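**Q** What Swiss-Prot shows for this protein is this:
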DOMAIN    8-291  domain 'UvrD-like helicase ATP-binding'
BINDING   GLY32, SER33, GLY34, LYS35, THR36, ARG37, ARG289  ATP binding site
DOMAIN    292-565  domain 'UvrD-like helicase C-terminal'
Amino acid sequence: MSVDNLLDLLNDQQLAAVLNIDKPVRIIAGAGSGKTRVITTKIAYLIEKQNIDPSRILAVTFTNKAAKEMKERVLQITNNSFKSPFISTFHSWCSKVLRIDGKHIGLEDKFLIIDSDDQKRIIKSALKESNIELSENDKKTFDKKILYKIKEWKEELVDPSEAILNATSTLEKNFAVIYRLYQNTLLKNNSLDFDDLQIYVYRLFKQNNEILNKWRNAYDYVLVDEFQDTNELQFSLIKFLTINTNHLTVVGDPDQTIYSWRGAKLDIILNFNKTYSNAISIVLNQNYRSTKQILDISNSFIKNNKFREHKEIFTNNKSGKKVVLKECNSKTSEASYVSSKIKELVKQGYHYKDIFILYRMNAWSQEFEKELANKKIPFQLIGGIKFRERKVIKDAMAFLKMISIKDNLSSQRVLGLIPKIGNITIEKIINTANLNHLNIFDLITNEDKTLLHSITKNLDELIEVFKTAHQLYLDNTNIEEILKYLLIQSGYENKLKIRKEQDDLENINALYDQLKRFDEDFDPKYYSEENKLIAFLQEEALTSDIDEAEQIDKVSLLTVHAAKGLENKVVFITGLNQGIFPSRISETSINELEEERRALYVALTRAKDELFLTYVKGDYSHIMQSELKPSKFIHELDKDLYEFETQFLNTLLYDSNDYKQSSFYVSPKQHNLYNVGDHVEHKLFGKGVVVKIINDQLQISFTNSSYGIMMIATNNSALSKV
């Protein structure tokens, strides 16, 4: 479709957003308002109608999925095979800048980007080196806390020496010492973490005017998608490139700012005009996704936030069904209700893949997983272990990194996979490498055999495998061929076969397929690197999206945050309980509470056709260490905009044959036969003692610690006195 045809399809606000190119433009894009169409049409318009060279346009977003989708749409519109990828994530663009100009701040171009597992290993090693003593309790959470603190320091541009100098407590000083050791390890291994990518570019631009001007002059137009998610550092990079020009468009929705815990600042999009005083603001307020009923309840709810920019979203979509709010008497009955309702929906013509089950925290999915499995409803858990984070894939990637980038972290991992080499030998290799100022790969493949003869005398064949693989890399051999050679000749693949690790072998085969596609599609003009393997490793390091829902017929279970940017025909938002959604942390902070409210708004606006909200009343929660109460957000929903279903027997759930057949079926006849202290037995949970009675609910402490304390209805047919 031509650009002219696309412009004809836009509404007035969308058209204004595309055609305004002489002033900075802030587009406030309501949920489902077609922002991706607007931003891609604007890029195509700049290329086709303003004759701007595609490589002189920079468009940045926050996920590889979004960048890929935008790139594909622009290519479809323009039929343009441009020279280099100009649509990318912030991190990918920063990586490109550093590959080209990082040498001006002492960075080698073939640096390694480490992942979260590497970070944890470095922290563990730094902790050992520091001799800092931790209690058993602190050890459990130390990794998470220190990495969060390091991220915070980096975003505030605080280096390790400043962190040590400004430490005000023993804990903070310990964190700062670990930070210094962590950063030293990165420098020694020519490695960067994700935060470093942006920090190094910031420092490069700050310190070197010539390089800054080079990159400023590289672009005639800059566009930023999901602008509400930007942090101060990212906004600084945008300002570096655009502060002296009018050629900037930012797109975002303040009502969907749900990543403040990652550093996103709501004020940046709200106060855009303070930085760009001549900017114009355009609101996209027509929703193309949801029914009027879903949109009305979403609009009504988000108005409870005080710190926001008012906008009234409307739709011309056909009217749909009323939103349903369902009260359940336990987490089990909530899961049973949802699964029974899913079966009804499928009978009505929906597919399983048309349905999302959303929750605020991952722990809430457990009951749904059990119940869906029991009812033989196919489902997938989104945001579980990603393909690239599976151990076998990380092992394979370590082989590739060792023979190309030669980083010590990957070399240590590979050596640890070889049966003939133990931890003591690896330590000797590391120490010898440090003494001789060599990396591990160069040491073990060194022609001077005296360096390591006593340590690696049984590894001559393996060392030859590494040397041959390194030469294959230098010859730019297909990556699939290099990896197959490494995994077969090293004995790694055979080890998986002997152990009958079928899943791992299937994952390796999937990786071979991925490498084959990359080899076939590789074109150096799309990369800042001519070597296939290096280009692949660079691209893979920057791929960090949450697992996407596979295009197969399964119900998807995912957190509200993972659902951002997605949509589906039917959405269940579950666990609307105080302390769960909103989370406990929001109880002492207005800003946190407003962010939780925005998170629910995001969840509400994922639904296209039907929306169900569920909560539990009276059940005991181990998460909360108390009875579950309805979320305060339920009281903020307009009662005229939803249909309420109680936990009692006149609900749809009671009429479900599936539910009547379950061991949790509650008979209509009431039984008030229990007293505190009674010994009882449940057909599924075993024996226990009644510790509290609330109306017709029993709080039972079960002997089996796996179940602990649970709320069970007095008339539950699976329960009896003993």
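Sequential numbering from 1, following the chain as shown.
Cβ coordinates come from backbone N, Cα and C, glycine included.
Can you tell me where each of these features sits in this structure?
**A** Within 10 Å of the C-beta of SER33 (ATP binding site) we count 25 further C-beta atoms, all protein chains included. In three-state terms derived from DSSP, SER33 (ATP binding site) belongs to neither a helical nor a strand segment and is classed as coil.
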**Q** Averaged over the domain 'UvrD-like helicase ATP-binding' (8-291), what pLDDT does the prediction give?
**A** 91
**Q** Near the ATP site, what residues other than GLY32, SER33, GLY34, LYS35, THR36, ARG37, ARG289 in the same chain have a C-beta no further than 8 Å from the centroid of the listed C-beta atoms?
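**A** Checked against the 8 Å cutoff, the neighbours are ALA29, VAL38, LEU284, TYR288.
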**Q** Where does ARG289 (ATP binding site) sit in the DSSP three-state scheme?
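**A** The three-state answer is coil.
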**Q** Output, ordered by sequence, the same-chain residues six or more apart from ARG289 (ATP binding site) with a CB under 8 Å from its CB, or 'none'.
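**A** Looking at Cβ-Cβ distances below 8 Å from ARG289 (ATP binding site), excluding near sequence neighbours, one finds ALA31, GLY32, THR315, ASN317, GLU567, THR605, LYS608.
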**Q** Have a look around GLY34 (ATP binding site) and count the other CB atoms within 10 A of its CB, chains all included.
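**A** Total other Cβ atoms inside 10 Å, all chains included: 21.
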**Q** Widest Cα span across the ATP binders GLY32, SER33, GLY34, LYS35, THR36, ARG37, ARG289, in Å?
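**A** Max Cα-Cα spread across the ATP binders: 13 Å.
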**Q** Measure from the Cβ of ARG37 (ATP binding site) and count the other Cβ atoms within 10 Å, all protein chains considered.
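**A** A 10 Å sphere around the Cβ of ARG37 (ATP binding site) contains 17 other Cβ atoms.
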